[in-house]
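Pasting the relevant annotations from TrEMBL:
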type	residues	note
ACT_SITE	56	active site, nucleophile
BINDING	89, 125, 126, 127, 128, 143, 144	glutathione binding site
DOMAIN	170-298	domain 'GST C-terminal'
ACT_SITE	193	active site, proton donor/acceptor
SITE	251	site 'Lowers pKa of active site Cys'
SITE	295	site 'Lowers pKa of active site Cys'
Ligand SMILES: N[C@@H](CCC(=O)N[C@@H](CS)C(=O)NCC(=O)O)C(=O)O
């Protein structure tokens, strides 16, 4: 057994604290890729590699921005198996698990090996996404909200001309985007997890009602606007969207977020979700098999039978009806 395997790590199977509340760990690698050529992590083509899970909503954000900005040509991608079991995220071949992409950079079998390569004393959780720097052989960042900001701007010298002007965090909208991100993160992106992983009734109810209050608030915004902030497609939309895509097929049932559904009760959120799904490249980042099988087969404390429901949620490829 390797030394890394004997380290004390938080148990993957235990999601909630004693009080029944789920608390997400703060990401620990927080460096930034910079367009400045002298920076430690300077932007360069074929230097950085992105590790994701198609199932994970946080990793999904990074896959979307990589695709929209045309960074797929200069930033490599590995995709873990959808099953998250005791040793954490694992790599599989695409024959074993269609949609998986093995690690051809570090040749790891598990994501944890990448964390230990970057820091042999690492004691946190082994989460995706991970942005890896091949030159320094280390992790730049494991925080999706910061990886999408790097992808948005720092690689512009190396991408196609038509993609350079795409800016999902424009200077003049930053304050409004930040403000919206804050409550959407707390009550929606993380709200579904806090509801679903709660192990006490009060903990669950403390999060499920605010979640739907926020969805109602979002529905109102989208009744009058095409996008969340200033009628402009921004990172605020991308960050919320990965949760909405998973909402009906997974969170309604698996996480007990069942006061309403997107398909039946939120026509404007549905219209907006279709609009984003139909942007070039975005549909390629949605792997509903990985999404459903991850949640329903990995969280045995919630779904011990591992049976996966049949519906994929609303058909997002349908023509958009504007109300
Ligand atoms: N703050 C992180 C959160 C990432 C995260 O929690 N990823 C989950 C998957 S959805 C994960 O990898 N969990 C594995 C674990 O906690 O063991 C981000 O936004 O990048």
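Placed from the backbone N, Cα and C atoms, the Cβ positions cover glycine too.
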For the domain 'GST C-terminal' (170-298), jot down how many residues DSSP puts in helix, in strand and in coil.
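Once the DSSP states are binned, the domain 'GST C-terminal' (170-298) shows 95 helix, 2 strand, 32 coil.
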Looking at the recorded positions 56, 128, 143, 144, 193, 251, which have a C-beta within less than 6 Å of some atom in ligand 1?
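Among 56, 128, 143, 144, 193, 251, near ligand 1: 56, 128, 143, 144.
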Note the mean pLDDT of the domain 'GST C-terminal' (170-298), expressed as a whole number.
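Here the predicted model's pLDDT, averaged over the domain 'GST C-terminal' (170-298), is 98.
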Counting only residues 6+ apart in the same chain, whose Cβ is under 8 Å from the Cβ of residue 89 (glutathione binding site)?
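Long-range Cβ contacts: 53, 80, 81, 110, 111, 112, 126, 128.
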Helix, strand or coil by DSSP: which one applies to residue 144 (glutathione binding site)?
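DSSP assigns residue 144 (glutathione binding site) to helix.
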Compare all C-alpha positions of 89, 125, 126, 127, 128, 143, 144, the record's glutathione binders, and send over the largest distance in angstrom.
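It comes out at 17 Å between the most distant Cα atoms.
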For residue 251 (site 'Lowers pKa of active site Cys'), what is the tally of other C-beta atoms lying within 10 angstroms of its C-beta?
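Its Cβ has 26 other Cβ atoms within 10 Å.
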